[in-house]
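This report concerns only the one structure given below.
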Amino acid sequence: MIGDIVETKQCQLKDPMDLFHSGQVVKICAPMVRYSKLAFRTLVRKYSCDLCYTPMIVAADFVRSAKARDSEFTTNKGDHPLIVQFAAKEAQILCDAARIVCPFADGIDLNCGCPQRWAMAEGYGACLINKPELIQDMVRHVRNQIDNPRFSVSIKIRIHEDLKRTVDLCQKAEATGVSWITVHGRTVEERHQPVHYDAIKIIKQSMSIPIVANGDIKTLKDAENVHHLTGADGVMAARGLLANPAMFAGYEETPLKCIQDWVDIALEHGTPFTCFHHHLMYMMERITSKQEKKVFNVLSSTSAVLDYLNNYYGV
């Protein structure tokens, strides 16, 4: 991590808030466990992605352990604007984590939306939407202790059954100085049910800070539709970008050039084989037959994958 990071200090960090004031809808790569790491962020930035998040990092582990910092957070000078997402439940721990990444990133995001049982049991993620005062306390602490006024502090939430509670939460967060709010338009219980874009629209109309819409955005057309439906200032995609990292550039499916770019970037970054292969499985989902998947998905080495891509796709 440190080798990569020393260079970064020299570069002029970009201000994500400038993106929200550009008049264009901001296209964002979501925080994805195991997937939205440096190599993948490098790829999507080549294809019109404006802003990238790291995977969610548990702030307490990050602060406590140098080993966790080295494995969880890698960046370089081209990796901007960058938001580091943390899971936290104590204001000072979040501050300490923010202070560590501040020289190398453009902002932090507090995860208030992860519905996984382990996260909720630990007091992280989506259970925080029921603790607006704690969210306010955490945001306030970071705001007070980070000297850089251009360093953003955002939150990512899910919605309540009773939308009034979500609007109240968002207004409290805004009053404490949160930079923007990403709204995943589902409740904690909902997984594959339709996204409540109408709820995101109501939240957007109730706020004066930027709102980012998240949930089921799989193509550039989806992104444009959701922007029109909700009035959101930005759109965030997760699975849509995994399946097609070039989607924000308007491609309907992953172009071969993008697959070639991924191979080059992943090899240059020394991406572990499992991650390298999984990304390709997602990217090729729509462009390979059942029979091809059976062969490709069980390949077990980088050289086997490279041979396959060369033989079948000329990559």
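Using the three backbone atoms N, Cα and C, a Cβ is placed for every residue, glycine included.
All annotation found in TrEMBL is predicted automatically rather than curated by experts.
Taken straight from TrEMBL:
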- 29-292: domain 'DUS-like FMN-binding' (DOMAIN)
- P31, M32, V33, Q85, H184, A238, R239: FMN binding site (BINDING)
- C114: active site, proton donor (ACT_SITE)
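The number of other CB atoms found within 10 A of the CB of P31 (FMN binding site), across every protein chain shown, is 25. Between the alpha carbons (Cα) of V33 (FMN binding site) and the residue listed as 'active site, proton donor' lies a span of roughly 11 Å. Here the binding-site residues are H184, R239, and the one with the most other Cβ atoms within 10 Å of its Cβ is H184. Of the recorded residues, the residue listed as 'active site, proton donor' and H184 (FMN binding site) place their C-alpha atoms 10 Å from one another. Annotation for the recorded positions V33, C114: lowest Cβ count within 10 Å of the residue's own Cβ, V33.
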